[in-house]
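J.: Got a structure here, written out as structure tokens. Questions coming.
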Amino acid sequence: MNLPSLLAAMPKAELHIHIEGSLEPELIFQLAQRNGVALPYASVEDLRRAYAFSNLQSFLDIYYAGASVLLHEQDFYDMAWAYLQKAAAENVIRAEIFFDPQTHTARGVAMETVIRGLSRACRDAQKIGVEAELILCFLRHLSEEDAFETLEQALPFREHFIGVGLDSSELGHPPEKFARVFAKCRQQGLHLVAHAGEEGPPAYVWAALDVLHVERIDHGVQSAKDPALMKRLAQDRIPLTVCPLSNLKLCVFPTLAQHNLRELLDAGLCATVNSDDPAYFGGYMNANFLQTFAATGLDAQHAYRLARNSFEGSFADASQKQRAIARLDEVFATHVV
Ligand code: ADE
Ligand code: ZN
């Protein structure tokens, strides 16, 4: 089997996918029509043309506008189900899915509507061979008080999500701003992750680790600027959920060939490959693997390492991890590159 076929065939986990970022323009227009929501774009093509980003904020403005078509439980189900079907087709056997409830509750959509729709899709995903779990993200451009209120609204549905994260505009909104709400989530036994070091400095990664006590860093690519941080991430085997096509489209790296994924792997970090917002950044999991490998010359050993890291860095229980890694080993044993 050649390397592209192996990358597509290997079982893998996706640990960094914003479900609102999987909303394809076609589905945005379908939902807008179904729900009578007016869009500031004339057509699918017109909307797609707007997907030319210069940084994170330029993307977020369009991403939040796209999410405005989501009103009913079935809308959230349909969005998640479309993603999960793609995941299944790409041999993603586990997905830990971010959702941004404040984007919806601020428009008057109930927390229950959001969580029930997403959770039902995750349950149905078992039938197509995907274990799917939800991670609730707080929007960091909003206040900690707003995050506390969001947590209160979500706790009646505690069994439907496994953890919390922190996303949206990074610069100017350091992890420290959310120290108290993360402490409360920790007391609730929730898993903790945070976006850090996407555009922000290594100091934000340190704070995510030492102030928020997160178990994984989302993105984290700016960590390479700080040798002491790289040592810490390697020693503690803190997973980084790296998103190469996202970094390319948001101009974090000028080209994929200049992406630092290889540097992170070579430094012994538990780096993984993920799609972030695949409908906006030009590709789902396998496109991220294929394009990054083609641009940087990574090989089959890197592929094995990345897939293995995705399971080791996941929040699956020990027996699920063991089963997934056994399946990965089987694919690599039978497919010599
Ligand atoms: N929300 C959706 N995608 C994001 C990203 N790449 N960074 C921060 N917040 C996000
Ligand atoms: Zn993200």
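Note that Cβ sites are derived from N, Cα and C of the backbone, with glycine treated the same way.
Heads up, TrEMBL stuff is auto-annotated, nobody curated it.
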J.: Among ASP78, ASP124, ASP266, ASP276, indicate the single residue that TrEMBL lists for the Zn(2+) site containing HIS16, HIS18, HIS195.
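T.: The record-listed residue among the candidates is ASP276.
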J.: Tell me, by DSSP, whether ASP277 (substrate binding site) is helix, strand or coil?
T.: coil
J.: Taking the Cα atoms as reference points, how far is HIS18 (Zn(2+) binding site) from HIS219 (site 'Important for catalytic activity') in Å?
T.: 13
J.: Can you check which residue among the recorded positions GLU198, ASP276, ASP277 has the largest number of Cβ atoms within 10 Å of its own?
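T.: Top count of Cβ atoms within 10 Å goes to ASP276.
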J.: Expressed to the nearest Å, what is the distance separating ASP277 (substrate binding site) and GLU198 (active site, proton donor) at their Cα atoms?
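T.: Here the two Cα atoms lie 14 Å apart.
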